[in-house]
Structures are given as C-alpha cells and as structure tokens.
C-alpha cells in the first residue's frame, strides 16, 4: 500500500498521500494488527476513489493476479460509469463505522492478536456477545415484521393455485386427450413454505411423457456449447421409429426436442384456447394470461389487493434426470433444457434443519427478503442463496437458533467470496456454476453492494 501511495504521489502529489501514509504507519500502534489491516483496506479504497474521481479512467478494467474481483480495491478503472455520490457515501460510512478495537474483527481473517489479560478478554467477549445479540434481535424482528407471510395469506394463495390447476387439468383432458402428460403439480417456494414478503408466485409443473427408447438427454458440457446445468434432448432411432411415432415429434427442431416449441404449444392452449374470464367468474377470481414475453404465465387476482403469478413449466424426465423448459438467459441457447435442482436442494435444506432443529431455512428466508426488497441485489436468485447456505452447512455444524446472527454474517462473507471468484458451484452438482448467467457488470454491482454492507449489516434490514 505504501508503494501504491509513492507511485501516485509522483504523478499528482496533493498532500493526501502523505496524510494517508502517516495514518497507516501509526494505525498498528492504536488499533492492533486486525484493525490496521481493515483500516488500510478502507482507506486505500477511499484514496483510490478520490484519485480516480478527479482523473478520467483511461485503461481497461484490471483484475488481481489471481483473476478474482476485489471490492476492497474497487474495479472501476475503465468503467464508463463515473463514481456517484452514493458510492462515495457508502465507502465513507464504511470507513467511519469501522470498530476501533481490533478484537471486533474476525481473528481468523487477520493475524492473531497478542494475548490479553483475562479480565480484558472477558470484557471483549461480553461486548461481542452484546453486539451479536443486538443483530440477532434485529434479524428476528425483520423476519417477523417484513419477511414472514401470514399463514392465512399463504393458504388462500395456495388454494387459488389449486383451483386453477384443477380447471386446467380438466380442460386438457377434455380437449387434448391424446397429449401424453402426467398429472400436473404445484411447486416453488410458496408450496415449500420458503416464500417471503408476499405470497405472489408459484409454479405449475406440467410433466411430458416421453418414450424412453425414442429420446435421450445429452449434458451441455458434452456439446460444443459446453454449458453445464443444461441438456439437449435428442430424438433417437429415427430409422426404426420414423417421425410421428411420438406425439412430441411435432416439437423437434434439428433432431432435438425444443423447449421453446413445447412452450409455444402450451401457449396456444393457455393463452388462446381457454376462456379464462369465464373460469375466473366461476372461481371468483380475476384471471388473465400475462402479456409477452411471459407467454406461459397467468396473473391471478384472488382478493381485492392480493395477486398471484402462476408459471407453467413443462418438464421431462429421462432416467434420473429431470429437466424443465426454463430457457437460458441468452437466446442463442433456447434449444437447451435446464437441469432441475431446486426440489433436491430444498429437500436437503429441510432434512438438515429437521436433523438438528437448525436455523438454515430461517437464514435463507431473511436473505431472500433482503434481496427481494433491495433492487441492487435483485439479480441474486433463491437457488444461489440456497446453495450458499448448503455450502456453509458443510463448514459449520452448529446451526442452533441462537447462532443465527453469526451464520447470517458468514453467509454474507461467503457470498462475497463467491462473487469475487465469479463462481458459485452447485452443492449437488459442482460442475454447475450458478453465476454463469450473470454478466461481469452485475457481479461487480452485487459484490460492491454486499461489501459496503459488511461493516454495518443492519443497513440491509432497513430497505
């Protein structure tokens, strides 16, 4: 850091570099090793922010030698977006609120402090306990007042989804009796009691019946596209079973079952063939298909001020592989089926909590509510947050309710580490990178927002 200050001083010595070098050189005596390290990181960030704000960026964005992003040294060089007032305020607040006692920092992150007298150590432990309990109380209050959905609201939303599912099932059996489908079923966070803030979304899984000898699935990593977590569904044995042998041959594009064509087939049924106003009047709901591009979505008003979105999700099962017609973010991969991991992730999370009466699901709900209420964190999905909790469960055994605050902070730090690397491996299938569909700009924004909240995590609960 001193070297960085010297190089900058040669270019534009305005006195700030000298002051910062003096502060850093004496910080260790006042704050200890841990405090000096954190103060150094934050001070360097402010100094570089100031330097870059007064000189237009000219060089391309740089990564660290390890190839990882770092929000201790923000990745703004070459960005077309100039530093705004919110960024400066965020970094200034982080610097001002840093603890002045090195014992407040994680001793696993920095060099261990010198041994302290027992009385002093007891006071520090008591202080840390009070701080932890304060955050614990705020997390529980946030969950009760902001994240938790009243049981009555959940029940009414589920009942509306069940009623509509029954009507759609009856219609398909009557109008399209030759369409090979298994029974439709409801899925999603509302069904699994993991939805937060409002009961406003649920999925209706529509399983297709495929002949096992006519279809096979090819992992995305084995194709020229090299995309783990996605599959091609290939039509097999056309020489023995010509086109038309399977009902779903009509949805084959280039020798592969196209999820987009399957979705278009259901769109004609959902949006074009069913008289939803009449069904809505019968059920005392207001039902209408969502406008494009959300073609396979129904918008339901089941009470005066309560709305529910129902997504129709075609699904195929080949052997042990379950795929859903949820498209890749990039249109060029619209012929790929997505591997369905959410049911297994949810089942593992629930099993872990049931085994030790843990707080994993509670921690997940709080994180989901924060992301849902914070626009800057809107790109984080429930699956990504679930996998952060599952990875943390492999590292930490104690998930008792009184450890909620500690585990919450660890989850934030872990999430920042995954964003720095640009990789979040699936806990169930490590080949799958759950950040693969995020752009570098989105990853930087998420990492910056979370990093600025580390020194004052309560800010996340005020959104």
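Glycine residues also receive a Cβ, built from the backbone N, Cα and C atoms like all the rest.
For the annotation phosphoserine, the record in Swiss-Prot points to 55 among the listed residues 55, 141, 246, 383. Annotated ADP-binding residues in Swiss-Prot are 187, 189, 340, 342, 368, and among 201, 307, 391 the one listed with them is 201.
Range annotated as region 'Disordered' by Swiss-Prot, chosen from 15-35, 57-77: 57-77. According to Swiss-Prot, the feature region 'Important for interaction with DNM1L' maps to residues 234-243, out of the candidate ranges 234-243, 254-263, 264-273. Residue with the densest Cβ environment among the binding-site residues 201, 368: 368, by other Cβ atoms within 10 Å. Neighbour count (other Cβ atoms within 10 Å of the Cβ, all protein chains): 19 for residue 340 (ADP binding site). Reduced to three states, the DSSP call for residue 340 (ADP binding site) is coil. For the ADP site listed in the record, the two most distant Cα atoms among 187, 189, 201, 340, 342, 368 lie 20 Å apart. Note: the region 'Important for interaction with DNM1L' (160-169) comprises 10 helix, 0 strand, 0 coil (DSSP; helix = H, G, I, strand = E, B). For residue 187 (ADP binding site), the same-chain residues lying six or more positions away in sequence with a CB closer than 8 A to its CB are 202, 203, 204, 205, 313, 342, 343. Model confidence over the region 'Important for interaction with DNM1L' (160-169) stands at 93, taken as the mean pLDDT rounded to a whole number.
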